[in-house]
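K.L.:
What TrEMBL lists as transmembrane segment is 12-33, 39-61, 177-203. Residues annotated as domain 'Palmitoyltransferase DHHC' in TrEMBL: 90-217. Annotation comment: TrEMBL describes CYS123 as active site, S-palmitoyl cysteine intermediate. As annotated by TrEMBL, region 'Disordered' applies to 310-380, 402-425. Per TrEMBL, compositional bias 'Polar residues' is recorded for 310-321. Here TrEMBL flags 359-368 as compositional bias 'Acidic residues'.
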Amino acid sequence: MHPWLGRLIVNFVLCLICFIAYSSQIFIIWPWYGGVLSIELISLLLPFNLLVGMLLWNYFLCVITDPGQVPDTWRPDTHSDGYEVKKLTGEPRYCRMCDRYKPPRAHHCRTCDRCVLRMDHHCPWINNCVGHHNYGYFLRFLFYVDLSCSYHLTMVTRRVFHTMGGRYWDEPSSVELVFTILNYVACTPVLLAVGAFSVYHLYCLLGNTTTIEGWEKDKVATMVRRGKLQEVKFPYNLGRKKNIESVLGKNMFLWCWPIAAPGNGLKYELAEGDAFDGSVSWPPRDPSTYNTDGPQNEFVLPSSPWTYENGSINPSLEPYNSQRRSAARRRPQRLTAGVSSLPPYHPDYQEGTEAMLEGSDEESSGEDDVLRKPLVRAGSEGYEVRPVDRDDLLRRYLTDLGEQPGRYHRYIPTPDSESDSEDDDVTLAEAIAKRQ
Ligand SMILES: [Zn+2]
Ligand SMILES: [Zn+2]
């Protein structure tokens, strides 16, 4: 994404937040309370402004906080408990684009063009990745958007209901009316969209799963369903309370307060259990994409359903005649080099060239059909071409063929040894008469 576009989106989000938050107070609530600062008005607007303040603060932190990048010197720890290498992946994870090792749960973000610790997703609305260091702020931001929007809609709806059952001086002015409609139009979709997104992220938080890991889990579930894999427990699921603590901090009273994320994002606690005995990796690989028993035991699915002896197809199998006919009909009348459908004595026959029948209909593929049709050579359009005399053609062809040197051993009768060369022109009758 272009950097300017990202900034533009962030500014748009800020404008939207400010419009919903402040236009409702200035143009709807303030006139409703008669334009006088009262305890009632303050008690209505103070909580709302606090919510909006928290929302903006968390949004700001989401945008400016680096989600976490892999330090230059970071190497997978293969000597100590080996969490990152032996148990989780089997081999060190490496990012070829960044040219460095990947810590567990880190992924490469194409938009940011670098690896991001505990990457969740790249969010265009904050023009930043959501990763280890700002995931907490992101969740709090969603939470305050939900609360603020709900508070806002309740407030505006109360104003509307008050009008409906109210007295004539309570009726809203046209400005109020316009802003009421605009506030509904702006706030309702935001609450619906962010609300649905919040429910999903609450579910992820309770399972200590990132969006990417959610996809991995779906993939694993599919493989288990298809019988390719045994059930694999997600290694980071520590139990609900610990899962929330791993993102929002140990102190429950500060979960809604924007505090920095616990940990450095390079190492994560793993669930204890029998499943993690060193042989389990996450995400588990699809067994059909790699071979565990060596190449000699590799099972390769045959490309054809027909098997005949050692993987070859039955040689006596032939397509149906009707199938062959239709295939021949579909095939253009293109012939291979040196082979022509025309007989060699035909005037259009050209040896060694790829013959293509012009305008041949599907039905007239036979030799006789070709000959029956009046043929028009390229360049002779408009001239009458006489029909081909087949016998004449054959005769001429055979004559030509006979004249080719070395093609036939010709029988040339040797002259009689007795007769002289002068006698050649003498007729038979004269010769007989001579001899006598
Ligand atoms: Zn990378
Ligand atoms: Zn990113």
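Backbone N, Cα and C atoms are what each Cβ position is placed from, and that goes for glycine too.
Remember, TrEMBL labels are computer predictions, not curated facts.
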K.L.:
Near the transmembrane segment (39-61), which same-chain residues lie under 8 Å Cβ to Cβ, leaving out any that are not at least 6 residues past its ends?
P.N.:
13-14, 17, 21, 25, 29-30, 33, 126, 134, 137-138, 140-141, 144-145, 147-148, 151-152, 155, 256, 258
K.L.:
Could you check what DSSP calls the residue listed as 'active site, S-palmitoyl cysteine intermediate' once collapsed to helix, strand or coil?
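P.N.:
DSSP call for the residue listed as 'active site, S-palmitoyl cysteine intermediate': strand.
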K.L.:
Mind tallying the domain 'Palmitoyltransferase DHHC' (90-217) by DSSP state, helix then strand then coil?
P.N.:
73 helix, 16 strand, 39 coil
K.L.:
Around CYS123 (active site, S-palmitoyl cysteine intermediate), which residues of its chain at least 6 apart sit with Cβ under 8 Å of its Cβ?
P.N.:
CYS62, CYS129, VAL130, PHE138
